[in-house]
Structure formats: C-alpha cells, structure tokens
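Quick notes on the structure that follows.
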Amino acid sequence: MATTFSASVSMQATSLATTTRISFQKPVLVSNHGRTNLSFNLSRTRLSISCAAKQETVEKVSEIVKKQLSLKDDQQVVAETKFVDLGADSLDTVEIVMGLEEEFGIQMAEEKAQKIATVEQAAELIEELMQAKK
C-alpha cells in the first residue's frame, strides 16, 4: 500500500522485473488487495487504477475454457485471450459461463455474462461474485 501527496511513488512487484514510477498532484491511496498486477491509466485530469484478477483464478478459468472448447493441452490461454480468438461462438461462450458457474459455485446475471469476452473479464467477474457471497 502506498500513500502519496504531491510526490512520486515507485513500486516494484516481487515477481516482475519492472518498476512503475508515477507522479501525483493530489492525495492518492494505492492498494493491491493481494493481487499481483496493477495497471495505472493516467490522463491530465484523472487517474484510474485497474487490477487484474488473481493469478490462480485466471489459471482456473483458462483450464475451464480449454476444457469447454476441447483445446489441446499445449494451446496457450492467458488472461488477455479472447474467446472468439479461440474459435468460440455465442453457444460456446454460454457453455463456458455454465462451466464457470458450476466450478466456482456462482450464478452470473445474463447481462454480465454476455459482456465477458476474455479470460480476465471472466476471472474478474467471478472474484466479484465470490466476494459478494461472503
């Protein structure tokens, strides 16, 4: 966690070899809540921070996607992988969502499920729903 007031903050993830340096003009609180990836989108008037889903959730989702689409074991499926790039159509996506719901013990609202296009989006929604269950 980092707090800064009109200063710079430098963060380095232990698993990554990169360092991110950011300069802020207003008070900002940064916390990664146990996630390994933080990304910062800076514009002149605002800062938005998006966090990738936990790696273990992404890996589980990737395995389920590979299983549902009958992909080979050596087929690479990562967080940024789009279902359509794997050859999935709308019916395949419905089957993926059903598999995810069963595996994680959750129910996805249809309007949210229809917006899922990547492994990471699925993982983030799953984490959101699991957190809401607590």
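Placed from the backbone N, Cα and C atoms, the Cβ positions cover glycine too.
The feature transit peptide is assigned by Swiss-Prot to 1-51. Residues or ranges marked as domain 'Carrier' by Swiss-Prot: 55-130. Under the heading O-(pantetheine 4'-phosphoryl)serine, Swiss-Prot lists S90.
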For the domain 'Carrier' (55-130), the DSSP residue counts stand at 48 helix, 2 strand, 26 coil
Counting across all protein chains present, how many other Cβ atoms fall within 10 Å of the Cβ of S90 (O-(pantetheine 4'-phosphoryl)serine)?
10
For the domain 'Carrier' (55-130), what's the mean pLDDT in this predicted model?
95
